[in-house]
């Protein structure tokens, strides 16, 4: 027994609006990935501009890189918690545009980082990237929740995965734009021996790369502001069933007579708050599984993504940091390998997930992804010091690329999907934000820990800190096996069920609901009413 409008959403055929929603929601993830993953080559450019003296020429100290990376991720944690909660309190659509606008303005502000001195530029860049992270964090729970509430139950996983797959294209776009900008600026500087002028041009280049990331998001702002509110939020949280039907009449291209209720429905007040023992009893296990799985996968995913150049830099030029290269050559080579991995493993992993997510289920994909990632990290970590650290070892690169494939055909995608399907409508965005915030805490742990573990104070003549990299790879493998255990023992399957069916109910709640339903039927004296009363899993 469900509202007609919700049943219509669950059984709707794939149509134009589904693809439009994927683009609208996905462009935020596209911009998220662009902004987060364009920073490694930008740090190379900044190192060439502001750290051209000293023993470690052109290298930004870890004490500077760590907070620069952590600030954006910390902002993401705050954005997920704040915007996730606002999405449940005042509506998904009302705060959706705000998160996007914050991302656009912060991207532009990063490029306009004030001053010209090293301390001032890096300080202002860190501040604006923190604000950018807040906007990025807000986009995660809202995009996932909106897509899950618009999709039908048979292809919901594929639609949400398609939204998340835009992250792969964002990584590829950041690499493509960076390579294009580097090549253009390199062509204009090769015949100029003025060091100050070359540094000035490099300073313009990194600002341009950051600012270009705001363009795709800006194009979707109008669509976000004109899209209707989610029918599930309007009907189940605001309890305005008629308005939900009117909104979905335009979206589903059906007559309102087919999705409107024939009898007015009495309001159903919330039965328990978010912070309560009953919430923990009914949803605590799911929240634990979602948050812990996301934390563990982001430890692995972000440390590997943001520090690819530290893992494979000996495969770039065989000499770690070749000081004979100019700034644009170094940034180009780092970005080129990032683009190759995005094409060969990251994007392909996303699309394999889109194809299989509604066929074999979320739990199976997440468990298999964690397991194979763990096996591969052990395979490249255990023999690293005497085998994989050799120059141009393509076996290592192949296995390393497979970790990105199984991350995306695995927990990196499913941890985005499952929290948007498990929780009641009035808690859905909040719980997704909490889960994602735990993930970004894991990202902070992974990036900072890997950065210091792989630092080059004790590097050998190959330019590799073998002990640090080996330790980091083995730890990442162990983290993956922990994720496998959490998935196997705690994560519930959501495939093929409506969002309301995924909400766990106590027997007492079901009995109470049936009593209320019987009374309502007697009051209306209509035998048809029993089939048309809304069911809200949270209603008493």
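Even glycines carry a Cβ here, placed using N, Cα and C.
Caution: TrEMBL annotation is automatic and unverified by curators.
The shown structure was predicted, so the numbers you read here are calculated from the model rather than taken from an experiment.
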Checking 233-250, 251-268, 269-286, 287-304 against TrEMBL, the stretch recorded as transmembrane segment is 287-304
Quick tally over 63-83, 158-181, 204-223, 396-418, 430-452 of CB pairs under 8 Å to the transmembrane segment (21-43) gives the top stretch as 158-181
Tertiary contacts of the transmembrane segment (63-83) (same chain, 6+ residues out, Cβ under 8 Å)
35-36, 39, 43, 95, 98-99, 122, 125-127, 129-142, 302, 306, 429, 432-434, 436-437, 440-441, 443-444, 447-448, 451-452
Region pair the transmembrane segment (396-418) / the transmembrane segment (287-304), three or more CB pairs under 8 Å:
yes
Averaged over the whole of the domain 'Major facilitator superfamily (MFS) profile' (21-495), what is the pLDDT?
85
Contact call for the transmembrane segment (472-490) and the transmembrane segment (95-114): at least 3 Cβ pairs under 8 Å, seq gap 6+
no
So which residues does the transmembrane segment (364-384) touch in its own chain, when a touch means Cβ under 8 Å and the partner is 6 or more beyond its ends?
293, 296-297, 300, 353, 356-357, 396, 399-400, 402-403, 406-407, 409-415, 418, 466, 469-470, 472-474, 476-481, 483-484, 487-488, 491
Cβ pairs under 8 Å between the transmembrane segment (287-304) and the transmembrane segment (95-114), at least three
no
